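Quick look at what TrEMBL lists:
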{"type": "ACT_SITE", "residues": "Asp247", "note": "active site, proton acceptor"}
{"type": "BINDING", "residues": "Gly85, Gly87, Arg88, Lys108, Asp120, Gly121, Arg171, Arg178, Asp257", "note": "ATP binding site"}
{"type": "BINDING", "residues": "Asn248, Asp257", "note": "Mg(2+) binding site"}
Amino acid sequence: MKISNTYLQLGTAFSESINPLPVADPHLLLWNLSLADQLALSQGLPDNENALAQLFSGNDLLPEASPIACVYAGHQFGQFNPQLGDGRAHLLCEFVDDHQQRWDLQLKGSGPTRYSRRGDGRCALGPAIREYLMSEALHALGVPTTRCLAVVTTGETVYRDLPKPGAVVTRIASSHIRVGSFQYFAAKGDVVSLKTLTDYTIDRHFPTLKAAANPVLELLGAVMDKQVTLIVEWMRIGFIHGVMNTDNTAISGETIDFGPCAMLGIYHPGTVYSSIDSGGRYAFGAQPSICRWNMARLAEALLPLIDEDQDKALAQAEALIADFSPRFEQAYQTMLGAKLGLDEIQQTDVALITELLEQMQEQQLDYTQTFHQLTRSLTEQQIATKLQDTLGNWYGQWRQRIGNDSKQQQAAQALMQQSNPVVIPRNHHVEAVLQACELTNSSAPADALLKVLRSPYQMLAETADYQDLPTDNDRHYQTFCGT
Ligand code: AMP
Ligand code: MG
């Protein structure tokens, strides 16, 4: 395990050097063996649970680690906050895997820092397990995401609305550079640090851009493309992030910060579950436009580096941001086409797709189930008949578009099977598992759900236990930030 601390080396303007605050009685609850194997971490780590618990609670430190809390700013629900930062997280170190890919190793819930404001620096067990479950689910579904290596219970109580067991979650991310990281220096007018961060980001994530005529403008375009891909993937599986503030938008294009996230059940673009999002700013269907808004904030922050002539810089950035919607729309239609077995979108397909979504909304159909049933209907007559009843003429039109040839149908079904999960981390199941883990102080309920979520395109023997819809269709479901 090759450990380094390159972000620390950017200088004291970027972070505070601070160690995690030890916890009373750490126990390893969840350990992500497949991630540890994939990153070849095991060689550099102790092989017993106690030692791992000490390490991933922050009680022990790897000898080469030099923990920091990173500073950033951010628009939270549209309001700019000039200084946020890791208020309960410690970036322990970075390491480079066997494929020369650099990763951040970060603890969350590991104690207060300079950026804690009024917070206690801690994390409750429920949100820690949620982050682990949801990120593993997303990863298995093929969605770019940060992942969790471990959840350690601390033996301490944290006080939220009620007293809760505390936990520390270990996050692996390709970096923790956020849109808000750039905003922080831009707002301070610290162009030197802004340039340092930009060069570092290009070096770390987009090294090929170094040779471009205008690397900063290209960086903006590249981040935009990553974000388009990410949001399209969220929309494909029905993921609602819930708090798409600019400080929760990673430059790498990975999903980050799973606070009040949830899954879409019945299709409705206005779906929002977060208790703090009363205006629906971060509703399911609002995610693309919010992403564009966030990219515009990144563009603003980068203006001083795009061109010395700020009018020119603005014109170039605006032209790029104007291209967000066409880029998104194309990727979005391609994705929906694939969900319907179409590997190429023709002009009339857009209407076909739109009509299905309208019908799903009107008839209050479940997003995941509908696409799964459509997939199966290509080979199962009973399901086809049922869908014909539900969807009327639309169903026949769609089948006609697929074609009658069995080769065409096979190809369509194969594409649909890759695009439409048979199971997602449904809100009621995730909640039940969090409660059961908390109550029993064991990982068994999470392990059972994880087994299914790790094969989301396949029917395992246990999959059926997790496919059902909630009895109230999540009408009363609410998520909380968990801070
Ligand atoms: P989030 O909404 O989780 O992205 O957090 C927003 C900001 O609040 C970040 O700067 C966090 O570090 C900080 N924060 C959240 N919870 C806590 C906590 N319990 N203690 C200290 N800081 C926190
Ligand atoms: Mg955050």
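Just so you know, the numbers here start at 1 and follow the chain as drawn.
Glycine is treated like the rest: Cβ placed from N, Cα and C.
In TrEMBL, annotation is done automatically, which means it is predicted and not curated.
Positions of TrEMBL features highlighted on the structure.
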| residue | record | DSSP class |
| --- | --- | --- |
| Gly85 | ATP binding site | coil |
| Asp120 | ATP binding site | coil |
| Arg171 | ATP binding site | strand |
| Asp247 | active site, proton acceptor | helix |
| Asp257 | ATP binding site | coil |
Worksheet item: Could you give the Cα-Cα distance between Arg171 (ATP binding site) and Asn248 (Mg(2+) binding site), in whole Å?
Response: 14
Worksheet, complete the sentence: Cβ neighbour count (10 Å, all chains) around Asp247 (active site, proton acceptor) is 23
Worksheet entry | Alpha-carbon spacing, Gly85 (ATP binding site) to Asp247 (active site, proton acceptor), which is rounded to whole Å | 9
Fill in: Diameter of the ATP binding set by C-alpha atoms, the set being Gly85, Gly87, Arg88, Lys108, Asp120, Gly121, Arg171, Arg178, Asp257, in angstrom
23
Discussion item. If you compare CA-to-CA distances from Asn248 (Mg(2+) binding site) to each of the binding-site residues Arg88, Asp120, Asp257, which comes out shortest?
Written reply: Asp257
Fill in: Inter-residue Cα distance where the pair is the residue listed as 'active site, proton acceptor' and Arg88 (ATP binding site), in Å
14
Response to the item:
CB contacts under 8 angstroms to Asp120 (ATP binding site), restricted to the same chain and 6+ apart in sequence, sorted by sequence, are Arg88, Pro112, Val158, Tyr159
Worksheet item: For Asp257 (ATP binding site), which residues in the same chain are close in space, meaning a Cβ under 8 Å from its Cβ, but six or more apart along the sequence?
Response: Val243, Asn248
Worksheet entry | CB contacts for Gly85 (ATP binding site) [other CB atoms within 10 A, all chains] | 22
Discussion item. As a check: which entries in Gly85, Arg88, Asp120, Arg171, Asn248, Asp257, the binding-site residues, place their Cβ less than 6 Å from an atom of ligand 2?
Written reply: Asn248, Asp257
Worksheet item: What binding-site residues in Arg88, Arg171, Asn248, Asp257 place CB under 6 Å from ligand 1?
Response: Arg88, Asn248, Asp257
Worksheet, complete the sentence: Cβ neighbour count (10 Å, all chains) around Asn248 (Mg(2+) binding site) is 22
